[in-house]
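Colleague: This structure is in structure tokens; I'll ask about it shortly.
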Amino acid sequence: MATVGPRTGPNAGAEALALAAELQGEATCSICLEFFREPVSVECGHSFCRACIMRCWERPGAGTGTATRTLPCPLPCPQCREPARPSQLRPNRQLAAVVSLLRRFSLPPTAPGERGTPAVPARAAAARCSQHGEQLKLYCQDDGRAICVVCDRAREHRSHAVLPLEEAVQEAKELLDSRLRALKKVLEDYEAFRSTEERESKELLKQMAAEKEKVGAEFQALRAFLVEQEGRLLSRLEVLSREVTQKQNENLAQLEGEITQLSKLSGQIQETAQKPDLDFLQEFKSTLSKCSSVPSSKPTTVSSEMKNKVWNVSLKSFVLKGLLKKFKEDLQGELEKEEKVELTLDPDTANPRLILSLDLKSVRLGQRAQDLPNHPRRFDTNTRVLASCGFSSGRHHWEVEVGSKDGWAFGVARESVRRKGLTPFTPEEGVWAMQLNNGQYWAVTSPERTQLNCGHLSRVRVALDLEVGAVSFYAVEDMRHLYTFRVNFQERVFPLFSVCSTGTYLRIWP
């Protein structure tokens with residue numbers, strides 16, 4: 001086994017001085033910052049000079065007390081603030097012996113003229129009280145400043161909350177650290193939000209660019225289609241024009257021949273009629289026979305078949321005009337519709353069994369009722385909830401993501417819809433909605449529901465038109481029309497959502 005001897009080397013001297021300084025610190029009174037004189041221990045274990053602790057416990061200005069002076073009990077330890085009783089002060093003989101040994105080494109004082117005491121450790125060289133000259137070892141929470149043990153006994157701080165300086169620093173650091181952690185968390189949230197915002201903005205810009213291309217392509221295709229149909233119709237009209245012209249030319253040529261023949265025959269008849277009687281009778285029969293070749297009916301200038309063709313084209317032109325007018329109106333109306341409204345659910349209207357998401361966009365049915373205030377707008381029996389905003393004019397639409405299992409319904413309800421007690425889900429009650437029940441989609445009409453012949457739905461658009469009085473439902477995937485309620489709205493209406501099964505949900509999209 002290796003023996004442990006004194007340290008040698010370049011750092012040995014520094015280590016020895018540090019050890020000596022630490023030993024001096026342990027033998028130094030924390031009140032007077034000098035070697036202990038008559039060291040005594042209080043109940044918490046800390047030691048002080050007898051005179052220092054008694055002076056500290058006396059009221060400032062009362063003079064230097066003696067051991068026989070009667071002091072109130074208990075009193076705080078000047079170092080840790082634990083309660084201590086003056087009657088329980090015990091001489092610390094071991095500490096006195098250590099101090100005696102240190103004095104024999106005759107270590108140099110910390111500064112000239114300081115009663116020959118050794119240098120105090122670094123922790124003892126802290127700031128001192130400007131009023132009493134004592135080390136600032138305590139912290140007054142009421143005044144927010146460091147004080148000495150004498151200040152602590154003064155009238156000014158007697159009723160204040162005072163902590164050891166180290167403890168106050170530790171508490172302040174812990175509080176600052178907790179605030180720093182909270183600030184870092186907020187900063188992380190903001191950075192995450194910024195990252196999400198940037199990503200979503202890029203995605204939206206990308207989506208808008210794609211939509212611009214799609215719109216351009218759709219209108220380009222529409223223009224090409226209209227040009228093609230225009231060409232076909234104009235070509236048909238051109239063909240008919242040529243046919244009419246050709247028929248007209250043929251008829252005119254025929255008429256010209258017949259007119260020439262008739263004029264010639266008319267001249268011959270007139271010439272025969274002017275001849276002498278004998279010559280007239282000889283040529284009469286020949287001239288009369290020529291008259292038998294004259295057409296008995298007038299020629300038609302344009303055939304009925306040609307007229308039918310022209311009439312059909314005119315009819316197409318008339319229909320085209322009506323279709324284009326309706327198309328322009330529908331297209332303009334669709335493009336000028338109100339933007340999709342941003343909805344959130346109103347928790348004050350939600351049935352206690354309904355569980356709303358934190359963003360107030362989704363609703364599902366819980367196993368038991370929650371303890372919620374009995375708000376006058378709350379549905380207490382029907383498991384329904386309204387949106388937070390209602391509408392009294394204009395055109396609006398929103399989209400709803402639907403669960404694949406039975407037990408949901410949604411649509412609109414008038415503001416005065418009954419909230420208390422069990423009420424039917426019908427237009428007579430001011431509810432216009434669709435639902436999924438027994439695996440089948442229904443429009444909730446009255447007296448019987450209307451079955452909707454559609455495939456699986458994952459998202460449905462609700463279009464509310466208060467100008468014409470209509471509530472329409474569309475399958476978002478292909479914008480297929482599902483059903484339209486015709487309503488004479490007399491008051492404000494609110495989007496309505498209902499979930500009556502724990503296996504499904506509804507969510508306002510997105």
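Glycine is no exception: its Cβ is also placed from the backbone N, Cα and C atoms.
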Colleague: For the annotation zinc finger in Swiss-Prot, which listed range does it cover: 124-165, 208-249?
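Modeller: Within the set 124-165, 208-249, Swiss-Prot attaches zinc finger to 124-165.
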Colleague: Look up zinc finger in Swiss-Prot and report which of 29-81, 453-505 it refers to.
Modeller: 29-81
Colleague: Judged by the number of other CB atoms within 10 angstroms, which among HIS132, HIS157 is the least packed of the binding-site residues?
Modeller: HIS132
Colleague: Using a 10 Å radius around each Cβ and counting other Cβ atoms from all shown chains, which of the binding-site residues CYS129, CYS151 yields the largest count?
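Modeller: Ranked by Cβ atoms within 10 Å, first place goes to CYS151.
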Colleague: Could you pull the average pLDDT for the domain 'B30.2/SPRY' (323-510)?
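Modeller: For the domain 'B30.2/SPRY' (323-510), the model's average pLDDT rounds to 92.
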Colleague: What counts of helix, strand and coil residues does DSSP assign across the zinc finger (124-165)?
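Modeller: Counting residues by DSSP class gives 10 helix, 11 strand, 21 coil.
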